[in-house]
Amino acid sequence: MTVTSKDQRSGASGGVDVDRVLGQLGQAGQFHLRVYVMVAVAVIQVGMLHTTYIFLAGSVPYRCTVPECESLNTTDFNPVWLPNAAVEGQGERCSRRVPLTQPCSADTSFSQEALACDHWIYANNNTIVAEFNLACQEWKRTLVGTIHNIGMLVSLPILGYISDRFGRKVALILSCTLVGVIGTLKAFSVSYEMYVIVEFLETIAGASTFPASYILTIELLGQDKRVLTTAFLGIVISMGGVCFALMAKTFQYWRTFILVVYPPALLFLSYIYFLPESIRWLLSKGKKKEAIKIIKRAAKMNNVTLSEETLRELTEDKPQTMEEKKEIQNEPGIWSQVMRSPIIMKRLAICSWWWITCTFVFYGLAINSVSLAGDKYTNYMLVVSVEVIGVVINALVLDRIGRKRSLLIGFMVCGVSCCAIPFVRNHIVWLSIFLYLLGKVAITQAFNGIYMYTSELFPTRARHSLLAFCSMVGRIGSIVAPQMPLLEIYVKWLPSVLFGCTALVAGLLMTTTPETLNTTLPDTIQEAEQIATRHREPHKSKEIQSTPC
């Protein structure tokens with residue numbers, strides 16, 4: 001049996017050729033620009049809030065109080081006698097010496113025996129470390145980042161299901177709004193435990209903002225603008241990261257920062273009235289009447305006239321077969337198809353490793369950036385800013401040399417750079433910094449491209465759910481990443497080597513999946529299985545065999 005791709009796509013979209021409709025609506029009209037702006041604002045919020053723990057739970061200089069020399073509520077962080085009381089070595093901030101004479105002065109001698117500290121004084125109270133007295137409990141500080149990413153792991157499949165079941169718009173508004181409401185509660189935390197719980201709940205609420213934004217945008221555009229979409233959102237999220245660092249530098253006290261940055265998220269409730277739902281999603285779910293309203297409004301706003309054939313498809317009621325009705329009404333049907341498809345399941349496993357690699361290396365390098373020499377806010381802005389280079393590289397090469405080759409190069413360059421850092425770190429400082437930034441650019445390029453490539457490998461009806469699954473599994477990498485500074489204390493070279501090796505394995509796996517350059521987004525499982533055939537035989541793209549490759 002031979003089935004044409006046009007028939008498949010029309011059947012999956014209520015008898016409407018979605019790609020032709022979107023092509024006639026254009027891609028830069030008033031309707032599209034309004035959507036781009038609203039999505040950009042949501043993505044900027046992601047850039048500002050998705051790594052707040054880097055500064056809010058950042059390390060603060062502290063030392064032991066010496067009750068024989070000062071009161072417990074002293075504010076003098078560097079008294080003249082401090083060098084004599086300090087203990088050298090790894091536990092220097094957790095133990096102290098006892099003065100042999102009093103009162104203490106610059107000439108006071110201290111005992112050689114070190115005592116464990118029971119009180120500390122902090123250089124400032126800008127982060128939760130000072131507020132909740134986390135001195136000498138580094139694991140509690142880094143645990144905040146790990147809890148944050150565990151929340152993402154829990155959140156992504158939930159909101160991915162909501163997106164595929166109830167719409168991209170619903171998932172986006174829900175995620176953007178709840179992250180502001182719940183995140184604001186952190187400012188009123190009275191204990192470390194309360195802060196961590198709210199951090200977890202905030203992440204569950206807001207983890208799907210970027211996936212929903214990305215899918216909503218990519219489903220609005222035709223296949224020739226997917227790379228532009230990816231570059232656009234990548235640059236916007238980098239802008240959000242720079243804004244985050246600027247706001248954190250301006251409002252350094254953590255409670256003030258939260259009360260300034262989080263509450264404005266309530267404004268996203270206005271998207272209920274202004275943000276349109278994905279036309280492709282509506283048609284794939286059989287919601288033809290709602291899709292037609294949006295299509296007609298878009299045509300009017302963009303001042304375009306739809307063809308007679310498109311108008312006929314939109315106005316005529318094509319009866320659905322029993323099989324089509326079952327697919328639309330019974331959501332578990334699509335998942336059973338996924339489970340029965342060895343091709344899709346294989347891709348799902350490979351994509352999951354790519355995501356683990358991207359989150360592990362991307363967030364690992366970002367977290368370590370604040371420990372570099374110099375101002376931590378400036379360092380973070382620098383590392384976030386170079387991400388734009390990776391995004392621009394994608395925009396230049398993804399449509400020229402293909403998705404696979406571009407991402408393969410990104411993973412390999414990152415892997416080699418990270419593995420080389422331990423060999424030059426103590427000998428050529430400038431080269432180690434260059435390799436660090438090169439690795440960050442390369443993993444950004446890979447991460448940015450993986451969003452698009454993963455979306456192109458899976459069908460519309462389960463795209464967000466499968467993308468969310470890959471992202472969820474990928475959170476294993478970002479859960480482990482905050483613990484790398486602790487690992488570095490014991491084995492200094494190991495974190496860089498782990499970053500590099502995972503990237504090299506991801507690059508090798510890139511050779512096992514099909515190229516998606518110049519292919520249309522698949523709407524069904526069958527179309528997704530046949531991507532490789534369509535790419536290898538472009539002259540037969542209008543007629544696809546029903547047997548998967």
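Keep in mind that glycine also has a Cβ here, set from the backbone N, Cα and C atoms.
Here is what TrEMBL says about this protein:
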{"type": "DOMAIN", "residues": "35-518", "note": "domain 'Major facilitator superfamily (MFS) profile'"}
{"type": "TRANSMEM", "residues": "35-56", "note": "transmembrane segment"}
{"type": "TRANSMEM", "residues": "143-163", "note": "transmembrane segment"}
{"type": "TRANSMEM", "residues": "170-188", "note": "transmembrane segment"}
{"type": "TRANSMEM", "residues": "194-215", "note": "transmembrane segment"}
{"type": "TRANSMEM", "residues": "227-247", "note": "transmembrane segment"}
{"type": "TRANSMEM", "residues": "253-275", "note": "transmembrane segment"}
{"type": "TRANSMEM", "residues": "348-367", "note": "transmembrane segment"}
{"type": "TRANSMEM", "residues": "379-398", "note": "transmembrane segment"}
{"type": "TRANSMEM", "residues": "407-424", "note": "transmembrane segment"}
{"type": "TRANSMEM", "residues": "430-454", "note": "transmembrane segment"}
{"type": "TRANSMEM", "residues": "490-510", "note": "transmembrane segment"}
Mean of pLDDT values spanning the domain 'Major facilitator superfamily (MFS) profile' (35-518): 84
Residues from the same chain, set at least six apart from the ends of the transmembrane segment (170-188), whose C-beta lies under 8 A from its own: 42, 45, 49, 56, 159-160, 162-163, 195, 198-199, 201-202, 205-209, 212-213, 216, 254-255, 258-259, 262-266, 268-269, 271-272, 275, 464
Within-chain partners of the transmembrane segment (379-398) [C-beta distance under 8 Å, separation at least 6 from its ends]: 47, 54-55, 227-228, 230-231, 234-235, 238, 241-242, 244-246, 365-366, 369-370, 372, 406, 410, 437, 440-449, 452, 517
Folded-back contacts onto the transmembrane segment (348-367), same chain, C-beta under 8 angstroms, at least six residues removed: 51, 54, 145, 149, 338, 380, 383-384, 411, 414, 418, 436, 439-440, 443-444, 446-447, 450, 454, 457, 466, 469-471, 473-478, 480-482, 484-485, 495, 498-499, 502-503, 505-506, 509-510, 512-513
Top partner of the transmembrane segment (35-56) among 194-215, 227-247, 253-275 - counted as Cβ pairs under 8 Å: 227-247
Positions on the same chain near the transmembrane segment (194-215), where near means CB under 8 A and six or more residues out: 39, 42-43, 45-46, 49-50, 53, 128, 132, 143-144, 147-152, 154-156, 158-160, 162-163, 168, 171-172, 174-176, 178-179, 181-183, 185-186, 229-230, 233, 237, 278, 451, 455, 463-464, 467-468, 471
